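Heads up: the structure comes next, in structure tokens.
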């Protein structure tokens with residue numbers, strides 16, 4: 001008997017689910033949805049970063065974007081590219097140094113816009129847009145961290 005293709009089997013499964021009202025398994029579609037959500041959150045953060053500069057015709061707030069590049073570096077160098085080391089209590093001096101550097105660069109992302117506003121180099125609106133951008137980026141990282149802790153991801 002002839003073999004059915006992947007697409008014909010998949011079409012039969014979706015047709016059967018529609019008829020019975022069953023939900024699709026939480027596999028590929030759910031993972032793609034998570035990934036798309038994380039990409040949208042990250043893109044929104046970057047868009048707000050650029051808008052903080054473009055709306056006020058001042059590119060000093062882009063200095064905070066430098067910290068966005070520095071934040072994941074300790075994770076890449078000391079944590080094997082995963083975020084699990086941030087929530088673990090184990091590890092030696094290198095892990096503690098990585099946690100310190102991650103926290104320091106994350107706080108720098110908040111401090112730079114505040115310092116620039118205090119110095120009068122940026123407007124208050126740009127500072128609040130920067131803070132919103134940072135908040136969305138942190139939410140993105142926390143969602144990514146939560147998703148990587150799941151075994152199915």
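Positions of Cβ are set from backbone N, Cα and C atoms, glycine also.
Remember, TrEMBL labels are computer predictions, not curated facts.
Residues or ranges marked as region 'Disordered' in TrEMBL: 1-30.
Positions annotated as transmembrane segment by TrEMBL: 35-52 (among others).
Under the heading transmembrane segment, TrEMBL lists 58-79 (among others). Same-chain residues lying 6+ beyond the ends of the transmembrane segment (58-79) with a Cβ under 8 Å from its Cβ atoms: 49-50, 52, 85-86, 94-95, 97-99, 101-102, 105-106, 108-109, 112-113, 116, 121-123, 126-127, 129-130, 133-134, 137.
Summarising the annotation, TrEMBL assigns transmembrane segment to 100-119 (among others).
Beyond its flanks by at least six residues, the transmembrane segment (125-144) meets 34, 37-38, 41-42, 44-46, 48-49, 51-53, 55-56, 58, 61, 64, 68, 83, 106, 109-110, 112-114, 116-117 of its own chain at Cβ-Cβ distances under 8 Å. Feature annotation from TrEMBL assigns transmembrane segment to 125-144 (among others).
Within its own chain, the transmembrane segment (100-119) is flanked in space by residues 60-61, 63-64, 67-68, 70-71, 73-75, 86, 126-127, 130-131, 134, 137-138, which lie at least six positions past its ends and keep a Cβ under 8 Å from the stretch.
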